[in-house]
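Sequence annotations record features per position, and here Swiss-Prot assigns transmembrane segment to 19-39, 88-108, 118-138, 145-165, 189-209, 210-230, 302-322, 334-354, 362-382, 391-411, 434-454, 462-482 based on sequence analysis. According to Swiss-Prot, the feature N-linked glycosylation site maps to Asn53, Asn62, Asn68, an assignment based on sequence analysis. The region 'Disordered' annotation in Swiss-Prot covers 240-262.
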Amino acid sequence: MRSSLAPGVWFFRAFSRDSWFRGLILLLTFLIYACYHMSRKPISIVKSRLHQNCSEQIKPINDTHSLNDTMWCSWAPFDKDNYKELLGGVDNAFLIAYAIGMFISGVFGERLPLRYYLSAGMLLSGLFTSLFGLGYFWNIHELWYFVVIQVCNGLVQTTGWPSVVTCVGNWFGKGKRGFIMGIWNSHTSVGNILGSLIAGIWVNGQWGLSFIVPGIITAVMGVITFLFLIEHPEDVDCAPPQHHGEPAENQDNPEDPGNSPCSIRESGLETVAKCSKGPCEEPAAISFFGALRIPGVVEFSLCLLFAKLVSYTFLYWLPLYIANVAHFSAKEAGDLSTLFDVGGIIGGIVAGLVSDYTNGRATTCCVMLILAAPMMFLYNYIGQDGIASSIVMLIICGGLVNGPYALITTAVSADLGTHKSLKGNAKALSTVTAIIDGTGSIGAALGPLLAGLISPTGWNNVFYMLISADVLACLLLCRLVYKEILAWKVSLSRGSGYKEI
């Protein structure tokens, strides 16, 4: 007598072959970009170790510093009064290189095999991250060394974002893209959390390991990427996704056989069959200025400039702010700052889900940006009154600040990179993603720089700067929000309501 089919086998059979491959790509690209962000985070945790008040530390017998020197345990050249400017310069060496490199990276991403491009980028990123940490073991105290390493790391890290968004866009169509990418985009926060926790283990001892360990993990992930990444569904005989929501858009003529779900599936399989029999003609890669002409690219790019300014200022300066204002240790401040990223995960998922249901990407971003401004104001004034208020405010601020940032860099970029105005004639995903994220990275460079310059005048002024940037990000979306409201009015006047996603 045979037993019934094992429950685990039923689970495997419940999903199609295409679904398993899509799940693999989603998981792999999630881990890839989590590693990229993990390798960026240690600098924000180690800052409070590079410059610290040493009055309560026990000075070694052979130390040559004067008895009145309260900075003897800090790491030169960050042991002087201008340490904030120097640390801001190190941050900006990475961010400016990243912003410049991003515009170039998208062009290469459209023209080079993504698997090779990503693998090489991760290996080099792991190398440069480790070299920063080796400065501790090699006893390097020259500012130029840390700046050069940050510039090189910023350039090679630009290989990541356009490539992973392009890869996910190749596998997933527009339906539920916001929700799927909202969950997937939590890799940013997961990477930040891992980077904070790993760096926190060694920050009070051998802080060089705070960089070396994430660097090694990133390099290993680069090898895994080379072995397993699949760029296109057609490469493994899977059906390509449908962009622009064709089935819903063609419901006006349901009797047309070409508009049925079956015919769409068959046409996709026909494409796969043709590609498997012989080489398919590759569509031409879009030019930089051609990508700028896609409706919405300029507005969302400029919005992201200010949204990312706010997000990256928190990324690089939040642990130091918590340590200075709430008087936590470097490790405690780093651990507490991870709650901002926890909020970012929630905010990204909520933003994707709401924008899918309403079909209003710009409106979703605008509403969250409007709510973020008063929340940042409240966090600055009451966020450090107690541990409970700090936890709650960090999660709320993280969700409202990172939600729009996550939505623009994922679902919006993928939507615009496969925009119907392209008519399927151009490969634009990587270039559009690079333009949007590259413009945002200019803000990411400006934010920490301005924070470093403004913070000596008081943390209140830093928060006023962040609130101003948040309001500007919101205003830049006004035209697109107006268009979405008009579209909803037309939809409601026809009695159709919102489309079901």
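Cβ atoms here come from the backbone N, Cα and C positions, even for glycine.
As the structure is a computational prediction, the values presented were derived from the model and not from experiment.
By number of Cβ pairs under 8 Å, the transmembrane segment (391-411) is matched best by 302-322 from the list 88-108, 118-138, 210-230, 302-322, 462-482. Cβ atoms under 8 Å from those of the transmembrane segment (189-209) belong to residues 30, 33-42, 44-46, 48-50, 75, 133-137, 315, 319, 329-331, 334-335, 337-338, 341-342, 344-345, 348, 398, 402 of the same chain, restricted to positions at least 6 beyond its ends. Contacts between the transmembrane segment (362-382) and the transmembrane segment (462-482): present, as 3 or more C-beta pairs lie under 8 angstroms, all at sequence separation of six or more.
Stretch with the most C-beta contacts under 8 angstroms to the transmembrane segment (302-322), considering only 19-39, 210-230, 434-454: 434-454.
The transmembrane segment (210-230) is not in contact with the transmembrane segment (462-482), judged by fewer than 3 CB-CB distances under 8 Å for residue pairs 6 or more apart in sequence. When Cβ-Cβ distances below 8 Å are used as the criterion, the transmembrane segment (19-39) is approached by residues 118, 122, 125-126, 129, 153, 157, 160-161, 164, 167-168, 171-172, 180, 184, 186-188, 190-192, 194-195, 198, 211, 214-215, 217-218, 221, 224-225, 228-230, 233, 236, 238 of the same chain, each at least six residues removed from its ends. The listed stretches are 88-108, 118-138, 145-165, 434-454; of these, 434-454 has the most Cβ pairs under 8 Å to the transmembrane segment (462-482). Contact check: the transmembrane segment (434-454) against the transmembrane segment (118-138) gives fewer than three Cβ pairs closer than 8 Å, residues 6 or more apart, which falls short of the contact criterion.
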